[in-house]
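Asker: Have a look at the structure that comes next, please.
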Amino acid sequence: MTFQDLLNLVQIELLTLPKIVIFLVAVLLALLVGRYTPGIVGLLLNRFSPGQSSPISEHFIRPERGAFKLAGTLLLISLSMVWLQADYPGLHAFFRPFVDLATIASVAWLVSRLFRQVVRIYGIGLLRRLGREVDELLLVFETLVNVVIGFIAVLAFAQSQSFNLIGLIASLGIGGIAIGLAAQTILEQLLSTIVIYLDRPFIPGEYIRLRDGQLCRVESVGLRSTKIRTAAKSTLIIVPNSILIKEEIENISRAKKVMVLLYLDFVRSLSEEDAALVKQVVTKSTNSLFGIDPGSTSITFSGGAADTNGSSSRFSASRARVTFFILGSNDNSIQLRKRLLELANDSIAEQLRRYSIEFTVQDPTIYVESPITL
């Protein structure tokens, strides 16, 4: 029997099997193969771009292995649905929306995570090369791109279900204008609520201080108003969201800073002049970083020996301990500042290398959360 005859036999056997059995086998294969999606993507990158596969795999594939596995599995399951379309139209029509929704959502999530990695790895360095200041605007840009990705995902899902979402929005345009004029106050409250949920200046359970100096605890954020409880009298205040977004609010709960502790091990012992140069370069580099508490940098030299010869002594050091504080209001901003710190380490190493001073940074860098005294 030739190989072609074997293929024909397998094809005949598949045609005689019920489509539901083939579908179940395809789903099992999708679950199995989907687990190896990161490896398959890595092999394809190595095949078509051998020189770039290693850094791409390290920066994008490995950190997002879970997202790759989920998206790959759901894509294969979505392709398996074709076996139900002809013989089981009712079953296909029932499961198709759920499979499409899960597949599109997983792919959108993967794209969002990959874009986040692009911003963290390449965006910061690009802005610094252009001479621009890296600040919270980078996080705002990341959020806007995520909104665009989500909107495209909604359009893709609507299109997969043969639902003309764009036409519906266009047809409701005139009616929406009329409703907006008639219910301007209600829409203002709802839009204010959306702004609070997107910007998240506070969340339930956090303590805030209003413009008049009142210390309050956020109880809940509703569609129209926010309930806050005063700390002194424990009375409940209901503030419309449209008024609250115009207020100057101090978030007490997010008043925190992270102490960074890192050790620089020098290849050779430093003289007193070398130590002064290291201190100047490190202090200048850290103080110029966005989000670093100005003036908080402290450098202590150790590991050397003071050679005494009569009344004279010679300074010698082989290690420096550097401490400073990172300021941030949320985890994303803290992560952004940590990435800036990595770039600052490279800049410090490059500057000191010009003076024949080389060092290695002891891993891992220590981060300690420290509350700010109010």
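Note that the numbers count up from 1, one per residue, in the order the chain is shown.
Even glycines carry a Cβ here, placed using N, Cα and C.
Quick caveat, the model's predicted, so the values are computed rather than measured.
Heads up, here are the entries from TrEMBL:
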TRANSMEM  20-45  transmembrane segment
TRANSMEM  66-86  transmembrane segment
TRANSMEM  98-116  transmembrane segment
TRANSMEM  137-157  transmembrane segment
TRANSMEM  163-183  transmembrane segment
DOMAIN    185-254  domain 'Mechanosensitive ion channel MscS'
Asker: May I have the DSSP-based helix, strand and coil counts for the residues of the domain 'Mechanosensitive ion channel MscS' (185-254)?
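Answerer: Across the domain 'Mechanosensitive ion channel MscS' (185-254), the residues distribute as 19 helix, 23 strand, 28 coil.
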Asker: Across the domain 'Mechanosensitive ion channel MscS' (185-254), what does the pLDDT come to on average, as a whole number?
Answerer: 83
